[in-house]
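Comments concern the structure below.
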Ligand code: NDP
């Protein structure tokens with residue numbers, strides 16, 4: 001954590017540290033928001049008087065539970081799962097489920113905290129929550145994934161609902177997992193409650209363009225940042241980290257808008273393909289065969305695979321971190337700036353460390369934080385809930401148009417708020433303040449909650 005906090009905010013942060021020991025990612029996410037809220041308290045002293053920030057930093061409810069399951073050899077495994085229902089001032093808790101061995105309460109709380117402000121930015125009626133498990137889906141059969149999902153839902157079902165808490169996907173949770181989770185929810189409750197989960201398959205209440213939404217939205221946001229500087233994505237060289245859901249559709253939209261993506265990665269290594277990443281190959285490897293990205297070179301002999309390579313050392317005009325938290329540090333940021341990068345938009349949540357953010361901001365490049373840049377995913381989840389509520393199903397083009405409008409509005413709100421608070425071009429400040437004020441006003445109107 002780099003910047004100093006306002007004197008009113010420092011004690012609040014110290015209290016967060018004391019009450020949540022060892023949860024370093026949560027501390028980082030809270031610090032990043034508090035760094036920008038000083039000017040809001042000057043304009044709105046009532047938020048300080050009524051301790052709105054202290055209340056927002058404390059989740060409304062945290063659920064931790066055991067998930068026992070059996071593998072294909074009959075061996076028993078015990079995982080731990082979480083659902084943090086952070087803030088419901090604007091609507092039912094909304095946020096994905098993450099399956100990754102690194103998951104613990106601190107990761108879920110950082111993601112849930114970010115989600116409050118992100119969801120507020122979308123302008124749609126959704127509160128903030130997040131969940132997940134330390135289950136590692138890598139190398140597991142479909143049957144094992146199904147048994148795990150069914151066991152998890154056997155506890156989770158009692159805490160969620162279309163008016164209460166609506167989970168979706170995140171790292172390690174895609175269409176397959178949502179299908180198993182929804183099937184078990186339906187079975188236990190004996191209700192076809194479509195709006196209880198989003199990211200569903202099209203044949204059972206899913207929304208067109210939801211799969212693509214986070215990646216597409218990140219690229220729409222990038223395009224808006226460049227437009228604000230009189231530029232565009234046309235002809236730009238782009239580097240995208242990861243090769244999962246967000247990365248794949250960021251690559252697809254970047255190509256559609258005339259850019260050339262030359263590198264992507266997974267947690268084992270990076271692929272550099274100077275003539276442009278062939279997305280059909282990536283989709284085949286990752287979405288169908290579920291293999292490592294290194295397999296890409298079997299199909300493209302002119303591409304290079306670097307085991308444990310650093311994707312940020314590949315020179316580019318635009319960088320889109322779409323893998324995981326803290327994947328881009330101060331050294332990486334300095335390398336990107338030195339190599340002439342002009343824009344960074346975060347498809348992942350909190351992928352840039354505080355040192356990295358500071359370097360981007362002092363270099364004056366266009367930097368779009370995840371809260372704003374990757375809000376397209378949850379926005380389209382909210383559109384899925386709308387379709388479920390009205391028993392309707394919209395076309396791909398109509399849904400994508402709505403997504404694009406939402407991203408344009410988020411960009412405009414962040415941009416204008418940054419100007420209003422005397423920090424033009426600072427999308428971090430713009431996103432945090434816009435999101436915070438919406439939630440704070442709603443909480444204030446509802447009395448002491
Ligand atoms: P996926 O599981 O589909 O893909 C994740 C990708 O990131 C994989 O390529 C994975 O590689 C890589 N990755 C994961 N962990 C690490 C790590 N520790 N080090 C290096 N690479 C890693 O997840 P998503 O694409 O859904 O999510 C990616 C990011 O986007 C996350 O930060 C998520 O929170 C965020 N996000 C996702 C949304 C969504 O709608 N899905 C919405 C908003 C944000 P490997 O396969 O080797 O693990």
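Counting begins at 1 with the first residue displayed.
For all residues, glycine too, the Cβ spot is worked out from N, Cα and C.
In three-state terms derived from DSSP, residue 130 (active site, proton donor) belongs to an extended strand segment. According to TrEMBL, the feature active site, proton donor maps to 130.
Summarising the annotation, TrEMBL assigns substrate binding site to 94, 115, 118, 169, 381. DSSP assigns residue 118 (substrate binding site) to a helix. Around the Cβ of residue 118 (substrate binding site), the number of neighbouring Cβ atoms within 10 Å comes to 28.
For residue 214 (NAD(+) binding site), the same-chain residues that are 6 or more apart in sequence and have a Cβ closer than 8 Å to its Cβ are 245, 246, 249, 250, 347, 374, 376, 377. Secondary structure at residue 214 (NAD(+) binding site), taken from DSSP and collapsed to helix, strand or coil, is helix. The feature NAD(+) binding site is assigned by TrEMBL to 214, 245.
For residue 170 (site 'Important for catalysis'), the same-chain residues 6+ apart in sequence whose C-beta sits under 8 angstroms from its C-beta are 95, 96, 97, 98, 111, 130, 132. Annotation source TrEMBL lists site 'Important for catalysis' at 170.
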Recorded positions whose CB lies under 6 angstroms from ligand 1, from 115, 118, 169, 170, 214, 381: 169, 170, 214
C-beta crowding around residue 245 (NAD(+) binding site), within 10 angstroms: 25
Cβ neighbour count (within 10 Å, all chains shown) around residue 94 (substrate binding site): 28
Neighbours of 94, 115, 118, 169, 381 excl. site residues, C-beta within 8 Å of centre, substrate: 95, 96, 119, 126, 128, 130, 168, 198, 377, 378
Cβ atoms near residue 381 (substrate binding site) (within 10 Å, other residues, all chains): 29
